[in-house]
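Look at TrEMBL and you will find 104-140, 247-283, 347-383 tagged as repeat 'NHL'.
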Amino acid sequence: MNVEKEYAEIYWKSKIFIKNIQLSTEKTLQRLENKVNGDNDHQLQHFQDVKNEIRETQYLVSRRLNLQWISQRLTISQTIIPNIPANANWVQNGVTVAGGHGQGSATDQLSSPWDLFVDDDQTVVITDQGNHRIIQWKMGDTNGQVVAGGKGAGSRLDQLNHPTDVLIDKETDSLIICDHGNQRVVRWSRRSGTTQGDILLEYISCVGLAMDDQRYLYVSDDDKYEVTRYQLGDKTGTLVAGGNGTGAGLNQLNKPTNLFVDRQQTVYVSDFNNHRVMKWTKGAKEGIVVAGGQGKWNALTRLYWPNGLFIDTLGTLYVAEQGTHRVIRWPQGAKEGTVIVGGTDAGVGANQLSCPHGLSSDRHGNLYVADYSNYRVQRFSIE
């Protein structure tokens, strides 16, 4: 059970318990009131004062419970924004937490893992693109569990076709998936026994997904070179980045892929073919280049095919670079980044990556990388 569901269960059990006490108290007060001598004004007034005090106490208890529930919901964020110290370092040898047994379709294998989502309990949910499935690995497991698709490439509701991104909607405990090959966004419940999904959006060349704390869904479209925000259930969204054709202008994108949205609804986009990361504040008509944008190469002032990304509480940007086989850290306002893992040429060593795609972090600041061409997910522990 996830954290939010646990708190919800506690909340509703507490509400029922308080309601039962209130009903029992009202019955007791009614019986006492019937026994009070109506001719004794002093006795009657005293009884009314006691009754009012009891009801006031019940109200305050119920109100406090509601406030605690609201506060708890606010602290359970849809987006993990890790608090990583500015001088943090990571163990250079990664640990394989999913796959790593060659390319294949067994439950201990992956085939071209494109992206990933790390849940609060460090469960890793992976878009296993080559197997047309979503597979999750709980912490410490040696085999994953297929949670969506896995029945070959196809357009049936129980199938996926080259999925590229996935996230967990914590409100509904469901998966939202970029079903790229089918040009759609689908939702699959995480309940045991789920055998198919339902379609949220169609006719969209979805590559990347993000969800903010108000549960707006953000989708990158690499055919229209734009990012659109949707209210769940709506088919028409609001343009939040790009949408002015392909190009390198500040109001343009060229193959937008991965997304990250902070709590101010600022959108960060990996602008893949422009070799840059763009930042679009809410309502902006053009973006700001926050990393790269000077052509592809392995210099620390440049990016080479940026993919997965996230921001920490200091505003520091973390990017997986497919072209340089590394993860780079780019402090807010900096002119260049710092390599934090990989970057020693493509390879299968524990300190190497090969065409990394997805990048995420848990609450502790550990890094998770979808190591695409090595058919594995690596975790790099923060020191």
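Every residue gets a Cβ built from N, Cα and C, even glycine.
Heads up, TrEMBL stuff is auto-annotated, nobody curated it.
Residue counts for the repeat 'NHL' (347-383) under DSSP, split into helix (H, G, I), strand (E, B) and coil, are 3 helix, 17 strand, 17 coil. Using DSSP to sort the residues of the repeat 'NHL' (247-283) gives these counts of helix, strand and coil: 3 helix, 17 strand, 17 coil.
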